[in-house]
Structure formats: C-alpha cells, structure tokens
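Please read the structure below before turning to the comments.
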Amino acid sequence: MNNIIDGKALANEILADLKLEIQELKSQTNTSPKLAIVLVGDNPASIIYVKNKIKNAHKIGIDTLLVNLSTTIHTDDLISKINELNLDNEISGIIVQLPLPSSIDKNKILSAVSPSKDIDGFHPLNVGYLHSGISQGFIPCTALGCLAVIKKYEPNLTGKNVVIIGRSNIVGKPLSALLLKEDCSVTICHSKSQNLSSITSKADIVVAAIGSPLKFTTEYFDPESIVIDVGINRISGNKIIGDVDFENVKSKVKYITPVPGGIGPMTIAFLLKNTVKAFKDSYSTVCHSCL
C-alpha cells in the first residue's frame, strides 16, 4: 500500500548525504568522525542494536570504538571510563547503550557524558536547550526521526493537532518540544490517561510510544490521520511488533509507519547525523582556538 511510510528508504537518503559530507570533511581535515559506544553487559537486544549502529556507521565512513564492560561495573568506575572518552580528542560522539543494569545510576551516567559529545541528547544541558527553545546542543535521535517523517508527509504543521502517547525522555518529551516549535497543538498522553481513544481519534497526527504490543486499534484513529509507531516490542524470540495494530489499522488511516522498518532506521540515521555534527563542532572549536 502506498500509504505505508518506508522509513528505511528515507533513512538511506540521509545516510547517502552524510557519506558525501564525510568524504568532503575527510578531504579537508584528513580525519573522520568517530563514535564511541559504551555497552554494559550482554543484553541480546542491546547487542543487536549496537551491531546495527556500527554497521551503518562504517557504511558511511564513521569510525567506531566499542567499549564493552561487565555488568558488575560500579557507577563510579563507569563514569571514569566515560571521562576517558570525554578527554579523547579522536572521539566525536559518545552513546551509552540503554538499558543499563539496575545497579548503575543511569542519571549519573548520562550526565557524565560531555554535552559536546552527547549525541543522544540526554545530558541535562542539552535537554534544557531543547525545552528552552535554544538552537544549540543535541536533540534525541528518535524524536528527530519522528519529526523528519512527519514533515515529509505533512510539510505544513502549523495548527495541526498532534497526540503523543508516551512521556519518555527519549521520545515523548523531546518530540513535544520539537512539535511546539512547529506551531502544533500538542497533547501528551500516557499509559494512565483515561478515555484515550476519544483524544487520539480527533488528532491529525498520532505518535504511539508506550511499549504496549498492538494496543492501538482502528477506533483510536481518524481516517485522515498520520500514525507514527515508535513501539518496539519483542515477541516470540526475535520478532518485533509495534504499539499499533498495523495489519488492521494500515488501511484505515492516511499514512502509517511499520514496525520494523519505520522509525528505527530513522533513529540510527539521525544518531549518525548528530555524530557528524559533533565532529564538525569540535573541529571548528579546535580551529578557532588556534587563531
């Protein structure tokens, strides 16, 4: 169906542009962006995600460093390792693969990453920039991917009613800030919201991001709505499904993203785009400091 949004194709366009940009940057600087990925433990899903990030990074000319640590590591020791990466001038961007073991203080770890290398956009300083409307720092990649998809299919967002189901720091909160900047009327709902279908069925755009498999069926959506499914739910081994009942909903809405193949590839594309931005920012800083 031509109303199914091909996130992989959109992501490939971004990656192709990034590859050319990296080639140009390398010719100018004789160096390449480098992404450090901190992986604690051996969570199977995390390992898959990390391998995918590394594969896509290498495809477009971004070097990578995988720092794989034991689940027994203490918060302070992990912070020390992150500080080493912060001080390494060869490292452009740093991501800490989530989730972390429960024994580790996640907030302390995310705050330990230098804001200038925080390409996930999770450091409190970068969060503050976004919610203050300051065009500086980094924005969470999934939120950027969602916005790019939405704007591709609805270029004029002024006055559009958008419902975001989910209030996470990764999707719901940052995406709401981005959409407010686009002059949308944004409603944030969550798993405790009442009469949810009566809210979502009036929306022009619905973003589902609560991690509840196939929860949202046809009665949740207006026939002219755009549906963005950010849910990633693993069932029956490695099979992944979204929060939206895709098979039944896809013919009942204007546009819809599938899972997999929708927002996932866009998230990786914007992660790498942020890596290139961090590289350019750091190189610009070095050049200016030499003047």
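For all residues, glycine too, the Cβ spot is worked out from N, Cα and C.
The annotation NADP(+) binding site is assigned in Swiss-Prot to Gly166, Arg167, Ser168, Ser191, Ile232 on the grounds of sequence analysis. A coil conformation is recorded for Gly166 (NADP(+) binding site) in the three-state DSSP classification, outside any helix or strand.
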Exercise. Determine the minimum-neighbour residue: among Ser168, Ser191, listed as binding-site residues, which Cβ has the fewest other Cβ atoms within 10 angstroms?
Key: Ser191
